[in-house]
Amino acid sequence: MPALDNSPRLALIKTLSDGQFHSGEVLGQELGMSRAAISKHIKVLQQWGVDVFRVQGKGYCLPAPLDLLDEASLQSKLNVPTFSLVPVIDSTNQYLLDRVGQLTSGTSCLAEYQQAGRGRRGRVWFSPYGANLYLSMYWRLDAGMAAAMGLSLVVGVSMAETLNKLGAEGVKVKWPNDLYWQDKKLAGILVEMTGQAGDAAHLVIGMGLNVAMPETDSVDQQWANLKDTSSALPDKNTLAAALINGVIDALKEYEVSGMNGFVERWDKFDNFKGRAVKLILGEREVKGIARGINEQGALMLETEAGITPYLGGEISLRADV
Ligand code: BTN
């Protein structure tokens, strides 16, 4: 089945992205379609999560201007300018996984809307159009799959450092794969891989960063938004390029020196160090005090039995202390 041509909808959202009113008639003339067709496309934009509204006599409008990704702008800012900007996609991770054999390390894929965005543990990653950043990067790891655990922590540290440099205040890391702000999830990282044991690993590193997640019932947890971390953040192209450039530098360093240096860098942003947490390991739950990470990227958890490294599981703050 041929892919659906989204170009009329993309043209429409670009026009509306200025946050001004546009009448159905003028939009129709500009985009060469009837008012009825405009109205049909607007409905699709709404399904993509764009909050378009209509005022009688004035036309269609967005509640605020929309900061959209732009190929030329990204191209000028990326150190490894091999990327695909696919505004409407199933999943940026899947896009790269489908092309692993043709990619070089650092190649990225960015989208405005994911129809099947995925999170860890089979969760859905809610990806409304133009609201957040959805990006993935391919990396060939010669050290093989065993080194992938540390790598995903390195990506988190690098993202926190980049956001901090760009002015975001109070961004933290949560072991093993999240960014947090004020104890709420700001970003998630999903590393997927292909390759044979004992061989190089082909990794796809997916990053979902909430920038301005719309208020909605369909989100099952309270998110943090990057827009709330500073009043002077750069545009999304600058942000995306800085994140990609930062992750590439961090991964190159990781390939040479492993976790050396990253444990200390992680420490500076650790949201949970010294706090009472519970670690969920399938059916099992371990309560303790988080004591940072070790050189393998394991969580160091202090219980009455002492400090034990854990390589798997998910942590959350304890309400019982
Ligand atoms: C998590 O569960 O916290 C990880 C979320 C990862 C989401 C990103 S968005 C870009 C990339 N494409 C996907 O389908 N998922 C990742």
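A Cβ is built for glycine as well, from the same backbone N, Cα and C atoms used for every other residue.
Per TrEMBL, DNA-binding region is recorded for 24-43. Among residues of the same chain six or more beyond the DNA-binding region (24-43), those with a C-beta under 8 A of the stretch's C-beta atoms are 8-9, 11-12, 15, 52, 54, 59-60.
DSSP classifies R120 (biotin binding site) as helix under the three-state reduction. Taken from TrEMBL, the feature biotin binding site applies to S91, T92, N93, Q114, R118, G119, R120, K185.
Positions annotated as domain 'BPL/LPL catalytic' by TrEMBL: 68-255.
The record assigns S91, T92, N93, Q114, R118, G119, R120, K185 to the biotin site; their largest pairwise CA distance measures 20 Å. For the binding-site residues R118, R120, K185, counting C-beta atoms within 10 A of each C-beta gives the highest total at R118.
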